[in-house]
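This report refers to the structure that appears directly beneath it.
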Amino acid sequence: MKSLLVLALLAFGAVLVSAHHLEMCEKSTDELREQLVCHRQHATGAFNAKLDQVNRQLRCNNDICTFKKLCDAPDFLTELRKYFTESEINELHELANQCDPDAHHDHPHCHPH
């Protein structure tokens, strides 16, 4: 019974992560740039290094190019999982909550100026 609850919570978490990431895909280039600058400022060194690696893998010169390519995939979360671990995806979700002025979550937000 406990394992079913854990699986249900994990599935619910994946839906929340996916929904927030799709919000990133709907942003204008300027909005996305602002959010990704904030991500870089607040991410761990390991996450920033991984994002640099993914930029190279996708032949992108910047994070905007990378996220636009990831957003162009039919399933954004599946595409993220090709490049990032679940832990890294969770960090990305936390960064999105922190940096997105339009996020509808009860987390503190970063509003870069």
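Every residue gets a Cβ built from N, Cα and C, even glycine.
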Problem set entry | Per Swiss-Prot, the disulfide partner of Cys99, chosen from Cys38, Cys60 | Cys38
Exercise. If you look at what Swiss-Prot says, which of Cys65, Cys71 makes a disulfide link with Cys60?
Worked result: Cys65
